[in-house]
Amino acid sequence: IPADEMSSVIVPEKPSSNTMGPKEVNVLLFRQVELILVKEQNGVQFTSTTLVTPAAPQTSRSGEEERETWGKKIDFLLSVIGFAVDLANVWRFPYLCYKNGGGAFLVPYLFFMLIAGMPLFYMELALGQYNREGAAGVWKICPIFKGVGFTVILISLYVGFYYNVIISWALFYLFSSFTWELPWVHCNNTWNSPNCSDWADNNTVSDIYTATPAQEYFERGVLHIQDSNGIDDLGRPRWQLTACLAVVIVLLYFCLWKGVKTSGKVVWITATMPYLVLTVLLLRGVTLPGAIDGIKAYLSVDFLRLCDAKVWIEAATQICFSLGVGFGVLIAFSSYNKFSNNCYRDAIITSSINSLTSFFSGFVVFSFLGYMSHKHNVALDKVARDGAGLVFVIYPEAIATLPGSSVWAVIFFIMLLTLGIDSAMGGMESVITGLIDEFKFLHKHRELFTLFIVVSTFLISLFCVTSGGMYVFTLLDHFAAGTSILFGVLIEAIGIAWFYGVDRFSDDIKEMIGHRPGRYWRLCWKFVSPCFLLRLAYAITPETEHHLVDNGEVRQFTVSVPLFLVSQYTLNITSLQGII
């Protein structure tokens, strides 16, 4: 037979009963047997037979084991919304809107959302979805920036040390609400001081010596800060708060131990419950006397305030932190998406819902603040405040005056609990996903590694539930996620836009969703967003303090201790100043 006449025979492989699973039965495998006849040499014809087996089915783009994905698309959306919509949406944005021109504040807020917030949000979702790895592993595209990934993982872990404590406070209040008379109504409790009064009118100099029952319940009944002389006198962990913290940690563990298959189901409750409760509270709040005045004050438009640079700075700061970029959570969540998922649409939907939730919560907050202002016959600015003082003092005090106050208190603190839990889940998932993707051997031990992370967080958080725990809490809050987040996102944006390249990144997105991002998004990634991040720290700091920015100290990025904690009968002022 001439050597150029070659034939190949294709015969089906007989399936083996002991090797093929139920899914493989439907797959027809072939072995190609090539019979090659070569030319005759010395009167002998040589025949070469080659068995060619097909390559193993490609399980992922990188040739690794197929990555776990969300059970449903809505699981991912609810997880992102639940993380981004947290306690700050209730206690921070409404107050900023009120004091910075009301409705006029929405102008700089929306402006910075369009040029920085949404582009950075979109960038992180696309980065995680394309590379299918956590915050550190995605930097295989530009390994020199892998340190940025570990930075955001550490920040998320660091924030968890004290954020879980806030949730434990809410849980403590929830348990305390199951009574006929709420414990923060009167001044005849064991924790009250002689300075307790039904209402502290802040019009006189002596106001620093007075406190409301709700105020004293938080600082003396819950925190027991009167038993500490400063950060050098923490005391032992309070068993009540320790128990609440332990419950929070257990909840987090069982929400996260199996990955997105379990957390994706939990968010159906934790991400949707706040909207139901906010709606119920709004319907009740608008029926209260003075509520309309509070809402009018919230929405009053003062465009002259836009001439104040501070208004624009606070809008930029709020956008930067409210969307949750820079914590590695968006990267971790999107890494579990299907490769062809439309991350562009997800970015628009989830970031918009986050901002709308902040705006909507303002109606709820100021309907009750207007009621408190009317009830005590004081100006609205006497009761309006942000931070923990709003949700653990002012709001409980307002609820205590309503008929069926215990029921309303339970509803309110369930909302705070769910707002905090899914945000804490996001931070923990960032840490867990980021590390197990970087250290592959941890994949087989996710349950044990998750247990290690949550237990470690619990042990560190114990310092915050001591009598002097508020000092530690303030210290952690001061240094955890301020300039470090801005710096991390800045380097992340520079790494993507200038080192990996906007064009290549756009090609990656086209590979996923079928089209490249528009020129607007590419310009924001390459120029606008990095400039926004690089100048923000200097923009909010006086020129005489720019040297502090160079040293990583930006006072404007910290949440100060609530004013009601700074009273002569509860705090060692010298120690507190040492922290601040």
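Each residue, glycine too, has its Cβ placed from N, Cα and C.
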Pick from CYS187, CYS244: which cysteine does TrEMBL list as forming a disulfide with CYS196?
-> CYS187
What residues in the same chain, six or more past the boundaries of the transmembrane segment (76-94), come closer than 8 Å to it by Cβ-Cβ distance?
-> 70, 166, 260, 263-264, 267-268, 270-272, 274, 298, 318, 321-324, 329-330, 333-334, 336-337, 341, 346, 349-351, 353-354, 357-359, 361-362, 364-366, 386-388, 390-391, 416, 419-420, 422-423, 425-427
Most CB pairs under 8 Å with the transmembrane segment (312-333): which of 268-292, 407-427, 479-502?
-> 479-502
Sequence-distant neighbours of CYS196 (disulfide bond) in its chain (C-beta under 8 A, six or more apart) = CYS187, THR210, ALA211, THR212, PRO213, GLU216
By Cβ distance under 8 Å, which residues at least 6 away from the ends of the transmembrane segment (148-175) in the same chain are close to it?
-> 87, 134-139, 222, 240-241, 244-245, 247-249, 252, 326-329, 388, 391-392, 396, 409-410, 413-414, 416-417, 420-421, 423-424, 427-428, 430-431, 434-435, 438, 453, 457-458, 460-461, 464-465, 469, 472-473, 476-477, 480-481, 484-485, 488, 491-492, 495
Whether the transmembrane segment (106-127) meets the transmembrane segment (448-473): three or more C-beta pairs under 8 angstroms | no
Counting only pairs at least 6 apart in sequence, do the transmembrane segment (448-473) and the transmembrane segment (353-372) share 3+ Cβ pairs under 8 Å?
-> no
Just going by other Cβ atoms within 10 Å, which of the recorded positions VAL85, CYS187, LEU419 has the emptiest spot?
-> CYS187
